[in-house]
Each structure stands twice: as structure tokens, then as C-alpha cells.
Amino acid sequence: MSPRREHFLLLLLLLVDPAAAAAAEGCERTYGVLPCTTTAVGNLFLVLSYGFLMYKAATCLSSGSELLLQILGPGIVGGLFLPILGALPDALLILVSGLSGSKETAQSQVLIGMGLLAGSTVMLLTVLWGFALLRASATFRIILPQSIHKTKKGSGVSVDLQTSYAARIMVISVVPFIVVQLPKVFKFPSGQRVAVLLSLVAAALLMLSYCLYQVFQPWIQRRRLEYAKLKHVISGIFKHAQKLEALGRLLNEDGTINNLAIQKLFRHIDSDSDEMLSRAELHAFILGIQFEEIDLDTADAVDKVMDEFDISRNNYIEEGEFINGISKWLRKAMHAAAASHGYSNKFLDDFHLKTRAEHNKLIQRSDEVAESTDSPTWRSWTCVKAVLLLLLGTAIAALFADPLVDAVHNFSLATHIPSFFLSFIAMPLATNSSEAVSAIIFARRKKQRTLSLTFSEIYGGVTMNNTLCLAVFLALVYVRHLKWDFSSEVLIILIVCIVMGLFASFRTTFPLWTCFVAFLLYPLSLAIVYVLDFVFGWS
């Protein structure tokens with residue numbers, strides 16, 4: 001009988017009678033029920049089948065999370081439970097990769113968990129990041145601070161400032177990887193077990209901190225909005241004062257603060273000349289400033305200025321308090337100008353434009369959070385649907401994680417392909433497919449709001465990989481006394497996270513060419529692991 005016909009018959013037997021197939025090939029069935037095989041073709045079929053089921057589990061979890069977020073909004077649900085649920089398929093696969101069998105079997109299979117951890121992170125930051133940018137790329141205009149009339153055109157995308165914060169958090173999340181590698185770097189093998197424990201604690205604390213940040217983000221968002229409103233009101237005062245020629249300029253020619261001009265501004269606002277500014281006088285002055293760009297609540301603006309300037313808390317702003325307050329904000333404006341493009345005569349106008357743009361972006365984000373439906377019937381049905389999807393996704397992931405790991409391990413034995421490379425390439429396709437589809441759909445809309453959401457979700461997914469999934473992996477290594485021998489894998493995670501994270505932390509516009517840099521990092525990562533492990537013998 002030809003090998004091809006034999007493989008076909010075994011595959012057919014695997015489908016028709018799994019017990020007979022297991023007996024014929026001498027393999028152990030997962031849970032005593034699911035099919036097993038020792039052939040490459042049969043295990044490939046099982047990998048594809050279980051991978052598809054894990055994809056459906058990830059899709060159910062993603063859909064249920066989005067529905068639950070619509071009903072309950074951010075806060076505890078959106079900040080604590082949903083990030084954990086999103087990382088659940090990867091975490092379960094990592095857990096079962098070294099949970100069963102002898103210590104030697106666990107040490108062999110745990111490579112699958114590390115391959116999934118590294119492959120998921122690298123795929124998100126290279127392939128998915130690059131495709132999202134490529135799909136969303138459109139002609140954009142960058143307004144240069146030196147002159148509001150100069151523009152630079154190019155092909156790429158633009159995201160908001162909050163997305164860069166998500167990238168910075170992602171960079172910080174690599175700290176546990178650095179901690180666990182310290183004994184390897186300093187040639188101190190006896191300290192490896194302690195390093196694993198310290199790294200586990202660090203990963204758990206970082207995950208908790210990230211979830212708490214997500215929980216309190218709406219509160220943080222409101223605080224940012226309040227501060228942005230205050231900045232815009234102060235910048236409006238500066239702009240208005242520049243138009244009052246009798247006052248003189250707020251800054252001298254050498255860039256120092258002109259206290260005399262600030263005193264004149266104080267007296268201009270102080271209509272009753274009692275050397276104190278009341279709420280009524282501030283209200284009249286702010287009402288006279290043209291804030292046509294935004295819908296300004298004048299009473300709210302007065303409260304913010306009074307709270308900022310009234311140090312003595314006597315409900316009046318005295319001349320000294322006014323001069324100190326204006327001087328402080330002028331220094332902030334000059335510092336912002338120096339940080340971005342350098343001091344110029346028009347920097348106060350630029351500061352006003354910048355604060356207006358920041359205010360409008362935060363207003364837009366706040367409106368998105370506030371959007372919801374009030375229909376009780378809709379909320380009840382959606383809540384039930386969300387819970388059922390979450391339960392179904394969790395059950396599928398828990399049930400088929402172990403069989404998938406076994407199938408990948410057996411396929412690796414049958415084909416002599418290292419299990420790390422199989423799990424690095426194949427398994428993230430199953431666990432991250434729903435995120436990939438969602439990201440590309442959002443990217444197609446080519447709006448800054450949806451693009452910011454796309455990239456923020458990518459950075460958030462990597463952060464959970466670096467904290468929750470790594471914590472699960474480290475706990476497995478520590479509890480089962482496994483050997484830590486993953487230097488090349490950790491290296492590529494650090495390279496990709498730090499390079500992409502730092503790049504995304506300090507800019508909000510990405511030219512089209514940056515997607516090709518991201519794409520190149522994926523094969524480069526595989527090449528680095530292969531060379532270090534099989535040429536230099538790191539593993």
C-alpha cells in the first residue's frame with residue numbers, strides 16, 4: 001500500500017472511529033474521547049480543526065466583550081474583566097502546554113507556550129500593525145507648529161495622543177522579561193529560580209496596575225478634559241491680551257515675562273478698582289473673549305480660573321495671585337513652544353491653537369464614552385447574549401486548548417519541525433484572528449478616532465501578553481521546577497516591543513513606509529531565534 005493511500009485511510013479512520021485509529025497507531029487520546037494520531041497529515045488535520053475551534057472561542061469572547069462594554073460601559077467591566085477575557089485563549093494554551101505529563105514532557109511542551117507568547121506579541125506588532133496602517137493609509141496633512149500656513153503632505157495615518165500613552169505602557173510591560181533574564185546576562189544560574197519568582201510578581205503587579213488604569217481611565221479622562229478646558233481658557237486670555245495694545249506685550253523682547261503688562265491686564269479686568277478680581281468681573285472679561293471655536297460654559301470657565309488663581313481661597317483673585325498665575329502659565333506656554341519647535345513671536349497663537357485641538361479631541365472621546373442606549377428591553381437581551389457568548393467562548397477555549405497543544409506537539413514530532421516555530425507561526429493565527437479582523441475593519445474607515453482605537457487595542461493586547469500571559473507561563477515554570485532556557489525568545493520580544501513601542505510613543509503620525517519596517521521585523525524575529533538557537537546553541 002502506498003504511503004499516500006495509507007495516510008488517507010488513517011485520516012478516514014480518524015474521522016469515522018477515533019478509538020480504532022488511536023488503537024491502530026498506539027497514541028493516547030485526549031480526555032480519553034478526542035481523536036489522536038502519530039502521522040503528520042493526521043496531526044495537521046487536528047491542528048487545523050482545534051485551531052478553528054480556538055478561533056471561534058476567541059471570536060465569541062471578543063463579541064461578548066464588546067456587547068458587555070456597550071451596556072455597562074468602561075470602568076470595572078471594561079477595565080478589569082474585558083482585557084483578561086481578551087487574553088484568555090492565549091493564557092489557557094500557555095497553561096496547558098506544561099501542566100500535564102512528567103517534568104520532561106512538560107519541559108518539551110512548554111516550548112509551545114513560549115512560541116505562542118512570542119508569536120502573538122510579534123504578530124500583533126508587526127503583521128497586524130503593518131496591515132492596519134497599510135489598509136488605513138490615506139493622504140494626511142501635518143500642521144507644523146512654526147507656521148500654521150505650512151503643511152506637509154504624505155501617505156500614512158494619524159492617531160491621537162492617548163494612543164501614544166498606550167504604547168508607552170506597552171514598553172513598560174516588558175520589565176518582567178528583563179528581570180527574568182538577569183541571571184543569564186550576569187552568568188548567575190543559581191539565582192534563576194528567584195528571578196522567575198520576582199518576574200512573576202512583577203508581571204502580576206503590572207497586570208493589576210494596567211487593569212486599574214483601565215478601570216479609572218474615565219475618571220482620568222474627565223480630569224484631562226477639565227485641565228484641557230482650563231488651558232484653553234488661559235490661552236484665550238493670552239490671545240485676547242495681545243489684542244489690547246494699551247497693555248503692551250506679555251513678554252519682553254528677550255523672552256522674559258513683562259510684569260507691568262500683566263499688572264495692566266489685572267487693572268483692565270478690575271472694573272471697580274478694588275485691587276481684587278471678583279467672579280462677576282472674571283465672568284464679564286471671559287464673556288468678552290471670542291471662543292467661537294468651542295462651546296464654552298462661561299460660568300464653568302470662571303470656576304476653573306478662580307480655583308487655579310485664588311491661592312488664599314477668599315473667593316477673590318488678588319493682584320499678586322493674578323501675576324503669579326499668569327506668569328506660571330506663560331512659562332508653561334514657553335516650555336511647550338521650546339519642546340515642540342522653539343520660541344517665536346507667534347508662540348501664544350500656536351499655544352491657543354494647540355490647546356483648542358487638545359480640548360476638541362478630549363470632548364470627542366468623552367462623547368464616545370457617553371453614547372449608549374436607554375432601551376430596557378435592548379439592554380436585557382444584549383446582556384443575556386453577551387453572557388452566553390462569554391460562557392461559550394470560555395468553555396470552548398478551556399475544552400480544546402489541551403488537545404491543540406497535544407496536536408502541535410505530535411505534529412512537531414512527526415515532521416521534526418521545532419514546536420516553537422509551529423506555535424510561533426500557527427497558533428497566534430487562531431487566538432488573534434478576531435482581533436485582526438476587527439482591527440482591519442476599523443482601519444478601513446480611515447478616521448483618526450477608529451485608527452486610534454485600532455492601534456490602542458494592539459498595544460493593549462501586547463501589554464496583556466507581557467503581563468497576564470507571561471505571569472501564567474512563569475507560574476508554570478516555577479511550580480513545576482522547569483528550566484528557564486528561553487533567551488532567544490525573550491530577546492525578540494524585547495526587540496520588537498521596544499522598537500515599535502518607542503517609535504509609537506513619541507509620534508502620532510506614521511508614514512506609509514513604517515508599515516514595511518514592521519513587516520520586516522516578523523521574518524527577522526524568526527531568523528534571530530533560528531540563528532541563536534541552532535547556530536550559536538543558546539537553547
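Cβ atoms are placed via backbone N, Cα and C, with glycine included.
What TrEMBL records for this protein:
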| type | residues | note |
| --- | --- | --- |
| SIGNAL | 1-21 | signal peptide |
| TRANSMEM | 31-55 | transmembrane segment |
| TRANSMEM | 67-96 | transmembrane segment |
| TRANSMEM | 116-144 | transmembrane segment |
| TRANSMEM | 165-182 | transmembrane segment |
| TRANSMEM | 194-216 | transmembrane segment |
| DOMAIN | 257-292 | domain 'EF-hand' |
| DOMAIN | 297-332 | domain 'EF-hand' |
| TRANSMEM | 382-401 | transmembrane segment |
| TRANSMEM | 421-443 | transmembrane segment |
| TRANSMEM | 455-478 | transmembrane segment |
| TRANSMEM | 490-506 | transmembrane segment |
| TRANSMEM | 513-532 | transmembrane segment |
Output the single range from 31-55, 165-182, 194-216, 455-478 maximising the number of Cβ pairs under 8 Å to the transmembrane segment (382-401). 31-55
Please list, for the domain 'EF-hand' (257-292), how many residues fall into helix, strand and coil according to DSSP. 20 helix, 3 strand, 13 coil
Would you mind splitting the domain 'EF-hand' (297-332) into helix, strand and coil residue counts from DSSP? 26 helix, 2 strand, 8 coil
Tertiary contacts of the transmembrane segment (194-216), as residues 6+ beyond its ends and Cβ separation under 8 Å: 74-76, 78-80, 83-84, 169, 172-173, 175-177, 179-183, 463-464, 466-468, 470-471, 474-475, 477-478, 484
